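Undergrad: Sharing the record's features from TrEMBL:
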| type | residues | note |
| --- | --- | --- |
| BINDING | Lys4, Lys5, Gln6, Leu7, Arg8, Arg129, Ile130, Gly131, Tyr132, Gly133, Lys134, Gly135, Phe136, Tyr137 | ATP binding site |
| BINDING | Ile50, Glu55 | substrate binding site |
Amino acid sequence: MKSKKQLRQEIISQRLQLSATEILEKSKQIQQKVCHHPSFLNAPIVYTYIDYRHEVSTRLIIETAWKLNKIIAVPKIIEGEMKFYQIHTFDDLATGTFGILEPVTNECISNNEGLMIMPGVVFDINCHRIGYGKGFYDRYLNRYPTLDKIALAFDLQIVDQIETESHDVNPQFVITESQIYYKKKE
């Protein structure tokens with residue numbers, strides 16, 4: 001089995017080869033599935049990342065959530081800790097840590113109800129996740145374990161099996177352009 005580091009490097013390299021058109025088309029398919037998923041429809045609060053460096057776009061999800069009067073909260077890294085802040089428009093974002101768009105608002109949201117939409121680099125067919133290696137989502141979700149968790153990925157990010165560690169927090173579902181993977185009971 002390949003190491004997490006090897007898998008990260010390979011998948012990021014493959015993802016960077018996607019054209020802007022491919023990313024838009026595939027992201028649209030993925031986002032439409034999310035917007036019809038019960039976890040999204042039933043969530044009063046949607047915690048979501050802002051896409052960066054060839055990640056699956058979240059813009060349509062955010063716009064749909066606003067139309068449904070849901071609260072949208074996006075992450076910001078402060079002193080090595082990830083916190084989520086409510087945004088009301090895309091104008092509430094500015095370039096921050098790691099060159100990623102972050103909220104400029106002061107409305108910190110921390111709640112055990114809602115839906116977390118997670119990014120990631122590699123996923124397996126059992127919904128195990130390899131992130132970027134900093135552990136931000138694992139630490140955050142260990143504090144808020146009852147949040148529903150969906151990860152977004154392109155088909156090329158799915159492998160048969162990955163190594164997991166006890167502190168890893170995995171999504172209940174991984175949604176790609178071609179299918180939805182469900183976490184098996186462990």
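Cβ atoms here come from the backbone N, Cα and C positions, even for glycine.
Just so you know, TrEMBL annotations are computer predictions that nobody has curated.
Because the structure is a prediction, the values reported are computed rather than measured.
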Undergrad: Which of these binding-site residues has the least crowded Cβ, counting other Cβ atoms within 10 Å: Lys4, Arg8, Lys134?
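TA: If we count Cβ atoms within 10 Å for the binding-site residues Lys4, Arg8, Lys134, the smallest count is at Lys134.
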Undergrad: Can you grab the distance from Tyr132 (ATP binding site) over to Ile50 (substrate binding site)? Cα atoms, rounded to a whole Å.
TA: 15
Undergrad: Give me the count of other Cβ atoms within 10 A of the Cβ belonging to Glu55 (substrate binding site).
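TA: Excluding its own Cβ, Glu55 (substrate binding site) sees 20 Cβ atoms within 10 Å.
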Undergrad: In sequence order, which residues at least six apart in the same chain have a CB under 8 Å from the CB of Ile130 (ATP binding site)?
TA: Lys4, Leu7, Arg8, Gly120, Val121, Val122, Phe123, Ile162
Undergrad: Give me the count of other Cβ atoms within 10 A of the Cβ belonging to Gln6 (ATP binding site).
TA: 11
Undergrad: Quick one: pull the CA-CA distance for Glu55 (substrate binding site) versus Phe136 (ATP binding site), whole Å only.
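TA: Rounded to a whole number, the Cα-Cα distance is 17 Å.
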Undergrad: Can you tell me how far the Cα of Gln6 (ATP binding site) sits from the Cα of Ile50 (substrate binding site), in Å?
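TA: That comes out at 25 Å between the alpha carbons.
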